[in-house]
Amino acid sequence: MLSGIILEYEKGGFLRTKSIDLLDLTPECVNELVEEIRQSEPLVTKAQADQVKQLVIRLQKKQTQQDHHRFCFSKELKAHILPLTNVAFDKSGSRFITGSYDRTCRVWDTASGTELHVLEGHRNVVYAIAFNNPYGNKIATGSFDKTCKLWCAETGKCFHTYRGHMGEIVCLAFNPQSTLVATSSMDTTAKLWDVESGEEVATLTGHTAEVLSLCFNTVGSQLVTGSFDHTVAIWDVASGRRVHTLIGHMGEISNTQFNWDCSLIVTGSMDKTCKVWETVSGKCVATLTGHKEEVLDVCFDLSGQLIATASADGTARVFSTATHQCLATLEGHDGDISKICFSPQGTRVLTASSDKTARLWDAHSGVCLQVLEGHTDEIFSCVFNYEGDTIITGSKDNTCRIWY
């Protein structure tokens with residue numbers, strides 16, 4: 001993560017994780033912070049203190065990098081004969097994957113645009129796709145054939161086919177440790193699957209309508225699911241038990257996400273609002289209003305200080321997580337905005353629209369910095385690589401475009 005360190009350690013035979021947030025540090029604080037980490041964290045010995053200091057400085061530099069990059073169109077890939085469904089990067093950004101109605105997932109080399117593998121075997125649309133970042137050695141695909149498949153990213157070989165859902169799989173995610181895959185389905189459930197054994201670990205039941213979004217927290221201890229039943233559920237991953245049901249939205253949930261330190265959850269809904277919830281209590285701490293139509297996507301920046309919302313009203317908004325104030329309204333698209341994301345540094349916002357363009361905005365002023373043009377149909381997917389210097393857009397025109 002760009003905004004913190006996660007320490008992994010073993011205690012009582014269990015692998016545990018602890019996150020330390022590194023934002024808002026002045027250079028003078030770094031030595032004090034490293035000393036504080038060392039005092040409060042027996043895992044960090046004196047010998048490792050210098051290593052931690054270098055890490056803090058590197059992360060700080062990353063965080064404060066001035067982002068004047070202008071993206072240029074690099075290449076167009078006629079990725080599939082039938083429409084694309086999703087695109088996803090590995091952590092380094094050197095490879096990306098595309099899912100399609102043609103029942104395949106394809107693995108691509110970003111720099112050359114060459115196809116590395118075709119992952120074949122699903123009997124219907126491949127809709128949900130992901131790399132097991134940060135490792136990038138496995139790929140999961142979820143399909144309308146009601147199965148999820150796990151693949152070797154290096155060879156394209158299928159390791160496991162996860163069977164058990166009674167409806168189309170529409171969303172999936174690896175946990176941060178890459179030991180579990182979570183899937184959500186039109187059958188009103190989410191499931192957890194073991195990466196090693198290929199077995200089902202848990203079925204998360206309780207929603208009364210399709211489950212269309214899910215997200216692990218940063219340490220993998222909790223999962224949040226958003227449903228068309230207007231509710232959001234927080235689940236304890238280890239036991240598969242529901243911890244909280246977040247009730248308050250008056251419409252279907254379009255997306256849901258944890259912030260970096262796992263303390264908050266943001267949800268977007270067809271009721272035209274976005275809500276911020278406290279993870280521990282399950283209480284709604286804010287309702288973010290202003291959109292005139294459905295909120296189709298929502299996300300935190302990596303630091304968790306900003307929230308971006310995308311709407312069918314053709315605008316996007318940036319809110320302060322702390323004050324819940326709208327900081328900027330991003331106006332200029334001529335159609336629904338279905339996807340929104342921050343650059344890793346948090347200084348830019350990227351949006352994808354049905355007006356056939358993607359746009360890059362200044363996150364703080366709301367000024368449109370660039371229009372990425374060239375697609376001939378609706379753009380439904382836009383992603384940054386981890387460095388923030390490459391963008392991929394996916395469109396209903398059956399192509400994806402690489403922008404450097």
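Each residue, glycine too, has its Cβ placed from N, Cα and C.
TrEMBL annotations: computationally assigned, not manually curated.
Copied from TrEMBL, the annotated features are:
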- 77-118: repeat 'WD' (REPEAT)
- 119-161: repeat 'WD' (REPEAT)
- 162-203: repeat 'WD' (REPEAT)
- 204-245: repeat 'WD' (REPEAT)
- 246-287: repeat 'WD' (REPEAT)
- 288-329: repeat 'WD' (REPEAT)
- 330-371: repeat 'WD' (REPEAT)
- 372-404: repeat 'WD' (REPEAT)
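According to DSSP, the secondary structure content of the repeat 'WD' (162-203) in residues is 0 helix, 22 strand, 20 coil. Proximity of distant same-chain residues to the repeat 'WD' (77-118), defined by a Cβ-Cβ separation under 8 Å and at least 6 residues beyond the stretch ends, is recorded for 124-131, 133-136, 139, 141, 143, 151, 153, 155-156, 380-381, 383-387, 389-390, 392-396, 398-402. Averaged over the repeat 'WD' (162-203), the predicted model reaches a pLDDT of 98. Per DSSP, the repeat 'WD' (372-404) is made up of 0 helix, 17 strand, 16 coil. Each residue of the repeat 'WD' (204-245) gets a DSSP state, and the totals for helix, strand and coil are 0 helix, 23 strand, 19 coil.
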